[in-house]
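Asker: The domain 'Radical SAM core' feature in Swiss-Prot is assigned to 7-221. Per Swiss-Prot, the feature GTP binding site maps to Arg16, Arg66, Thr97, Lys158, Arg262, Leu263, Arg264. According to Swiss-Prot, the feature [4Fe-4S] cluster 1 binding site maps to Cys23, Cys27, Cys30, an assignment based on sequence analysis. According to Swiss-Prot, the feature S-adenosyl-L-methionine binding site maps to Tyr29, Gly70, Ser121, Met192. Annotated [4Fe-4S] cluster 2 binding site per Swiss-Prot: Cys257, Cys260, Cys274, in sequence order, evidence recorded as sequence analysis.
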Amino acid sequence: MQLLKDKFGRVHDYIRISVTDRCNLRCVYCMPEEGLTFLPHEKVLSKDEIVSFMELMVQFGIKKVRITGGEPLLRTDIVEIVRGLGAIPEIEDISITTNAMYLAKKAEALKEAGLTRVNISLDSLHADRFQAITRGGRLQKVLDGIQKAEEVGLFPIKLNVVLIKGQNDDEITDFLKFTKDKDINIRFIEYMPIGHAGTSWKEKYLPLDTIFEACDAIGFEYEAVDSIRGNGPSENFRIKGAKGTFGVIHPVSSHFCDSCNRLRLTADGYIKACLYWDEEMNIRPFIHEPVKLMQLVQKAIDNKPENHEMALKLQDEVQSNKPTWRRMSQIGG
């Protein structure tokens with residue numbers, strides 16, 4: 001098998017597929033509150049295009065898929081997309097990232113279709129604040145979604161917490177306590193200068209050393225734990241006596257570019273080899289032309305930088321506010 005390897009020796013076996021750029025929320029770090037223009041439906045990859053693409057990609061070593069958005073559960077055919085991917089025997093793991101507003105309703109069908117596990121965005125445990133950060137989200141719906149995911153066996157459940165200075169950094173302790181009684185993995189993620197967030201990221205950025213300082217301040221003893229299924233770049237820890245774990249993902253202050261094994265496919269059919277690099281290849285016209293398609297995929301990988309620009313900003317102490325041109329919801333979270 002010919003593997004998808006870049007010039008730095010990194011083998012790519014994981015792809016994140018955005019199935020829509022639309023979302024029912026407007027999280028402050030992801031999308032502006034208004035003035036948005038979304039892709040017309042005919043510009044969005046169809047279920048058959050996604051499945052056909054993956055039937056080819058597995059022949060080159062891709063074996064893990066994460067479905068993202070926008071909010072992927074807005075797709076009326078999301079269960080059929082999962083079912084189509086689940087029918088490809090070479091795919092070992094299918095996961096989804098969701099805001100969980102519709103997860104309680106769809107978790108069972110998704111599990112039956114072949115979904116392996118779920119990541120849930122949850123940036124506050126206080127209902128009013130959660131509603132403010134998401135501009136309309138209902139915390140109880142997320143909690144119901146978590147419970148349903150547990151019931152149907154989507155495991156491990158991971159909660160993604162974007163740490164925002166002055167908005168939710170006083171909840172670190174609450175999130176840590178959340179792991180004591182629940183077998184979940186809470187992942188604290190640095191605020192990144194992507195798209196809409198790029199205009200204000202310096203003011204809202206908080207280094208993740210804050211997490212460990214919070215543990216020390218309240219006397220929580222913690223230890224590193226072995227890899228969690230699908231843990232990716234997260235460094236994981238467990239508070240003594242806790243059922244669950246917590247992790248830190250620091251793409252800004254301590255990048256993990258040297259071990260990056262992922263590609264991204266946008267909802268409109270562009271391959272991106274690096275989240276923070278604007279270069280991308282339009283592969284949609286060649287979905288049914290495997291030779292040409294794989295040439296474009298390999299070209300994107302060949303052009304992949306050794307490190308992303310966020311790392312360079314900190315190394316050079318520039319920390320400019322220049323964002324990428326696509327919003328996170330357009331790239332795929």
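A Cβ is built for glycine as well, from the same backbone N, Cα and C atoms used for every other residue.
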Asker: Would you list, in sequence order, the binding-site residues among Cys23, Cys257, Arg264, Cys274 whose CA lies within 10 Å of the CA of Gly70 (S-adenosyl-L-methionine binding site)?
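Answerer: Close binding-site residues: Cys23.
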Asker: Just the number: how many Å between the Cα atoms of Arg264 (GTP binding site) and Cys23 ([4Fe-4S] cluster 1 binding site)?
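Answerer: That separation, Cα to Cα, works out to 18 Å.
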Asker: Please give the maximum pairwise Cα distance, in Å and rounded to a whole number, for the GTP-binding set Arg16, Arg66, Thr97, Lys158, Arg262, Leu263, Arg264.
Answerer: 21
Asker: Do you know offhand how many angstrom separate Cys27 ([4Fe-4S] cluster 1 binding site) and Cys257 ([4Fe-4S] cluster 2 binding site) by C-alpha?
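Answerer: On Cα coordinates alone, these residues lie 26 Å apart.
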Asker: Whole-number answer please: how many Å between the C-alpha atoms of Thr97 (GTP binding site) and Cys257 ([4Fe-4S] cluster 2 binding site)?
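Answerer: Computed Cα spacing between Thr97 (GTP binding site) and Cys257 ([4Fe-4S] cluster 2 binding site) is 21 Å.
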Asker: Out of Cys23, Cys30, Arg66, Lys158, Met192, point to the one nearest Cys260 ([4Fe-4S] cluster 2 binding site) in space (Cα versus Cα); all of them are binding-site residues in the record.
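Answerer: The smallest Cα gap between Cys260 ([4Fe-4S] cluster 2 binding site) and any of the binding-site residues is with Arg66.
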Asker: Going by DSSP, give the three-state secondary structure for Gly70 (S-adenosyl-L-methionine binding site).
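Answerer: In the DSSP reduction, Gly70 (S-adenosyl-L-methionine binding site) maps to coil.
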Asker: Starting from Arg262 (GTP binding site), work out which of the binding-site residues listed here (Cys23, Tyr29, Cys30, Met192, Cys274) have their Cα within 10 Å, and give them in sequence order.
Answerer: Cys274
Asker: Given the binding-site residues Arg66, Ser121, Cys257, Leu263, find the one whose Cα is closest in space to the Cα of Cys30 ([4Fe-4S] cluster 1 binding site).
Answerer: Ser121
Asker: For the binding-site residues Cys23, Met192, Cys257, Leu263, Cys274, which one has the sparsest Cβ surroundings, going by other Cβ atoms within 10 Å?
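Answerer: Cys257, out of the binding-site residues Cys23, Met192, Cys257, Leu263, Cys274, has the fewest neighbouring Cβ atoms within 10 Å.
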Asker: Have a look around Arg264 (GTP binding site) and count the other CB atoms within 10 A of its CB, chains all included.
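Answerer: If we count other Cβ atoms within 10 Å of Arg264 (GTP binding site), we arrive at 21.
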Asker: Find the shortest Cα-Cα separation between Met192 (S-adenosyl-L-methionine binding site) and the binding-site residues Arg16, Cys23, Arg66, Leu263, Cys274, and name the residue that gives it.
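Answerer: That would be Cys274, nearest by Cα distance.
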